[in-house]
Amino acid sequence: MYAVLAGGLVGLSRQINGRLALSTSAMESSFWNHAVGLGFVTITALLIGGLFAGEPQSAPWWAYLGGPVGVVFIAAGSWLIARIGAAQTAMLIIAGQMISGVMLDLILGAPGNPLARITGVALILTGMWVARR
Amino acid sequence: MSDVVHLPKPFHFAAAFGAGALLTLMVLFNGTLAAYGSLFFSSWVPHLTGTIAALIFLLVLRPKRLRSDRPPLWTYLGGVSGGLTVMLTSASMNSALALSGTIALGLAGQVIFSLFADMRGLFGLPQKMPGLRDGIALGLILAGSLVLIFFGGSV
C-alpha cells in the first residue's frame, strides 16, 4: 500500500509543480521543488536522526550528480504536464525510464532474460506508437 | 486553458522519453549514494545540490515568466510530496514486498493518480478526458513495463 501511495505522491508533486510552472517557469518551479524538499528532508532527518550514518564519504564521486539531473527532470515534467496532460506525461516518462533502464543494464552487462527484454521493449514501443496517432 | 493540451507532438515525445532516461540515471546515482550512506542522506544530497544547480540554471537562463499573477502559496509545496515519496518507498522496500513489486505498484499509483488528475483538472491544470487511444497506449506501456520488471531481470 505504501508503494501505491508513493506512486500517487509522484503524480501529486508533478501536478503541483506543473501548476507553479504555469505562473512562473518550469525551471523556477523545479528550484522551489528542490529548495522546499531540502527543508523538509533536513527537518525530518534532524528529528529522526541518522543523516550521516554509514560511510557516505566512500561513495564514488558520480553518485553525487543526482541533484542536477533531478533538476532537469522535474523541470521537464512541469513543462510537459501543462502541454500534454498528466496521464500522457506519466506514461511517456515511464516508457523512457523502462527502455533506458534496459539499455543501462545492457551497457553494465547486468544479467537478464533477453526474450523478456525484447517483449517488454516491443510492447512499450507499440504503446508509444499508438499514443502518437 | 484547455486549448494548450494537445496530443503529444514528436518534441513532447522526445522530451518525455529523455526525462525518463534522466530518471534512470537519477535512480542509479541516488541509489548508489543510499548504498553507502543513509536513506536520508541519499535524498538530502540531491536536494541540496539540485537547489544549487537550479539557482545557477535560473541565473544563466533567466526564463521569462509566462504570467504576471502570483501563484497560490500551496503550489510551492510540491517538494514536500517529493520528500515523502522517498520515505514511503523505503518503508515499502523494507516490507515483505520485493523491489520489483514496489516499482510495479509505484507505477500503478502514479498512473491512477494522473488519470484522475486529468479527468478533474486537479490543482488548476487543464482538464482532459482520456480517450480510448490513451487507454490502449497506457495498457501496452504498462504491460511492457511489467514484463521488464518481473521477467527482464532489470531490477
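Glycine too: its Cβ is placed from the backbone N, Cα and C atoms.
Quick caveat, the model's predicted, so the values are computed rather than measured.
Looking up the ranges B:77-96, B:97-116 in TrEMBL, the one annotated as transmembrane segment turns out to be B:97-116.
The stretch that TrEMBL tags with transmembrane segment, taken from the ranges B:118-135, B:136-153, is B:136-153.
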